[in-house]
Structures are given as structure tokens and as C-alpha cells.
């Protein structure tokens, strides 16, 4: 599984994201420009320049018409993908930690960090996607959810499959479900800080099932990832690692999840990647067991994204590199012992 290595950022990666078709890969880092790449060959299509500092998050709408970025410069920017033009900028009261389009692309959520005296919020903006009036967006959000009432600031967020709920991860290990129309808290769950004795339980990533977004995975500094059902809001699976996890993703087609993380650079005594545990880890989604690792980064993995058709994945690291992997035949053919037995029984060979 030889990757394409993309060198387009001067500093650590913060998020990578595929568009719905998977032909484009979007990336942001702790520098001030986002990049758009062809995922098939790693050629850079262009850059989105306009932020004045670190860009924490990026997302693209279902039509690959618009993309949004949020950064430490207190700005949320809306871009036209076709020409890389910034069509609108919303001001934020504090650094923007996460942006995410609703499944229909009509709304955009943004997390404003709980710093500088600002109460942490999740704001929802209505998106006008008419080409003729892209610059005429509503300046004020249609909904503001204050997350302070949960006793902890929001770190990550995303939408349920029907767009009815906003799922928010917090730095105290809790996950909350809010009604996306009223902003009311529906329920919350402690997803991290209960599986081991780790003190840092901050949730670092949330990604949804690619098929229908009916369940999602969270990663945490507590060295675990959890799979949670959107409707019942119960923990389905727990994946235990040996280092703080920064990111987690669910693969389509095959029943796997991918975790990424590693010890923070300042805590690693040698530069060996095995020492810092800087590999992408593959777990069986059902059986919760680790089945393999992929090396390559020379620092913690900060973000992973899986190709929508399940043919590969991309990872972005603290080392400033993006690695685009295409799965080989051994990945596609891999079966757990229980799966192999079940398949043989179905075929009548045992």
C-alpha cells in the first residue's frame, strides 16, 4: 500500500476531507491557506488564501459547489470551489474549531471556542447557494447553541443523516445530541473517561457512518474511540489504543474503523515512529480488535478521512505531510476468522 505523499503545507495538518464523489481532497493546516487536491494522483488543483492564521477545519457541500473553513483568526469563510474565490466571511467571537455542512448543504454549523471570555457556542448559518447571489449571505446565525450548560466546552460537532440533530463532542468526554431546529438538548452521554484511568478525556474527532450517518465514531485523548448510535444514543463498540487518539473514521464496504494519533511530540524521547506510536491503526468494527497498522508519519496523526467508495484513505500529520493511500487486494480480501467461517457455512463448504 504505497501512498502518494503530498507536500503543500508548511505546518501541521488539522483536517483532511474528501468531497462526496471522492475525486477531490481538501486539506487545512496550522498555516493560513487551504489546499484542494486531485485524490487520484495528488496533483494540487489550487489553494484557498485569505485566512490570517491557523485554519482548524474545512468542509465541502454535497455538490462540491461551496466549501467552508474556520480558523483561529476569528473567521468563517465560504468559498466557491470552482474558482477558489472567497464569497463571504462571517466574524466569530472566538477561534472557530469546527465547521460542517448539513447533509443537504443548506446549513453550516460552526463551533466558536470557549476562550477569551466567550461562552462556547455552536452556531448554525443558513446557506444561500444561488450562484448569482453567493455574496449575499445572512450575517447572523439562524440558531445559536450555548454549550456551557453542559459544563464543558464543545470540541467537535456534526449532523445526523436527516439533519434533525446536531451531535457535539466535549472536552470532558461527553457527547450531546441537540435538536437542530430548536437548539434544545435532547440527551447526552459520557463516551470517554469511563474505559480506563486516563485523566485527559477530551473528544478530538467525530465522523459519521458513510452509508446513512445513523451512527458515528468519536476519538479521544483517553486512548480510545467509541461507536455510538444516533437514535438510541448508546455506545455500540469501544476501540482501545495505546496512545492518545486525535482522529477516527469509519470505512464503507468493509467493516473497519481507522484510528490515528500518537504521543505528543514533546513527550517522545526518541524520533523513532514506533516509539511515538505514529501509525494509523485499523480495527475490526464489529469485533473491536486491532488488525493492522500503517506507518509513515514522523509525528502524531491529526486527521484521517476515508475515500467515499472505500478504495483508500488519507491521513494528515503533525509532520506537515498528507499521505494518500489506496487499499491493495489484501485489504479487500481480508476476512476475520468468524467471517470466513460464516461465509463458508453459507456456501455449504463446511
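The count begins at 1 with the first shown residue.
Glycine too: its Cβ is placed from the backbone N, Cα and C atoms.
Per Swiss-Prot, repeat 'WD 1' is recorded for 8-49. In the repeat 'WD 1' (8-49), the DSSP tally of helix, strand and coil residues is 0 helix, 24 strand, 18 coil.
Only residues 6 or more beyond the boundaries of the repeat 'WD 2' (51-89), in the same chain, are considered here, and those with a CB under 8 A from a CB of the stretch are 11, 14-15, 17, 19-21, 24, 26-34, 36, 95-101, 103-105, 108, 110-111, 125, 127, 129, 134-135, 137. Per Swiss-Prot, the feature repeat 'WD 2' maps to 51-89.
Looking just at the repeat 'WD 3' (91-135), the mean pLDDT is 95. What Swiss-Prot records for 91-135 is repeat 'WD 3'.
Here Swiss-Prot flags 149-188 as repeat 'WD 4'. Beyond the repeat 'WD 4' (149-188), the same-chain residues lying 6 or more positions past its ends with a Cβ under 8 Å from any Cβ of the stretch are 97-98, 100-104, 107, 109, 111, 113-114, 120-122, 124, 143, 194, 201-208, 212-214, 216, 218, 220, 222, 228, 230, 233.
With DSSP classes pooled into helix, strand and coil, the tally for the repeat 'WD 5' (198-240) is 0 helix, 24 strand, 19 coil. The repeat 'WD 5' annotation in Swiss-Prot covers 198-240.
Below 8 angstroms of C-beta separation, residues 1, 3-18, 20-22, 25, 27, 29, 37, 39, 42, 205, 207, 210, 244, 246-254, 258-265, 271, 273, 276, 278-280, 343 of the same chain, each at least six residues beyond the ends of the repeat 'WD 6' (296-335), sit close to that stretch. What Swiss-Prot records for 296-335 is repeat 'WD 6'.
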Handout entry: Secondary structure tally of the repeat 'WD 2' (51-89) (DSSP, helix then strand then coil)
Key = 0 helix, 23 strand, 16 coil
